[in-house]
């Protein structure tokens, strides 16, 4: 008879020690970042029940789902001319990746008729997004665990966007967070591919592109970022990827496809704006106002790239060189902070934010708030800012006060990010400072 294998007293005592420590620190579990994994795991399982309850108890509201189904049905029926593809809410304005993904959803949901099944599919998308977001937070250990309650359970608007509205924005952001996880793990080629797929679902993901370009140059230099010599070129890889996906539409009407799917100058309706309600409508629609916002967007990106993302004393031309040929040793950039900041700057200067756009930056807000450089910004004030942002996005229709409050919160976060300590000075710069100090002494 085989002997029964027993656990050693040492392993039992070790387990008991961990449980005892956890019990002793129970009042700190929500504040110590080492307990992030425990807290987010509990919240994730809680979210399964919350999503089921929302789907079963809260009425579904039709906004864009039927239009999506009409648009992909046109493709299924053989129409590849983008100028002829439209739904109830207007023409098809999303790239080809959207068409393929929502065509799959069209068939799975019985030609888009089985709404309840579609809701459960989007609940799965929501849970997958949370897993990807929580993994980022667990890897970075920047945010105290209690904040994750506000990242998931407490947001009515985010649950609504996913399982009560079935927008395409959540699909794009789920893919984006998958790409961020791959970048963190060092899988740049695969990460750029997934990033490209995310952009092909909805173009808002391009707001992350300036940060991604900076990271690629830092990691590989200019030559290896060019797609002729490397696959790690996000912008060109994106174009090639979308060329393959959009080939049937390009062959039929190339001008129609490019003008509709990649229309960066599309006009937004004033009645849906969340962020510019306090402006008169004529100014909201004014092209010079749009140019002013674009200029401010680009200027802010440049300031952050040169003053906050780059090390002090390091020439920007060094980033263009191959890392092995640089005078200064390469330094790991804060991948998550740069990508999230790049996207946030785009949100701050957006021509218009609609309610479903909240998902574009919602899950990154705690990271940005707790990465800022204002040490005296108390936990309560950070939570208050999150609450005000949530309130602004839940005020329907938006008001002068809700729009103004949103901009004030954005400005506070942006200032905190600007005041965050820069990367460590380059070695040469540190040596110069040391020499000057020695001379004065």
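Quick reminder: no glycine exception, Cβ is built from N, Cα and C everywhere.
Note that TrEMBL annotation is computational and uncurated.
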Task: Of the residue ranges 146-169, 194-217, the one that TrEMBL records as transmembrane segment - done: 194-217
Open item on the list: Under TrEMBL, the annotation transmembrane segment belongs to which of these stretches: 7-23, 58-74, 75-91, 92-108?
Closed with: 92-108
Open item on the list: Short question: most Cβ pairs under 8 Å with the transmembrane segment (120-137), which of 171-188, 194-217, 335-357, 405-424?
Closed with: 171-188
Open item on the list: As a test: from 92-108, 288-306, 405-424, pick the stretch that has the greatest number of Cβ pairs under 8 Å with the transmembrane segment (335-357).
Closed with: 288-306
Task: Contact set, same chain, for the transmembrane segment (405-424): CB under 8 Å, 6 or more residues outside the stretch - done: 274-275, 300, 303-304, 307-312, 331, 333-334, 341, 344-345, 347-348, 365, 368-369, 371-374, 377, 385, 388-389, 391-393, 430
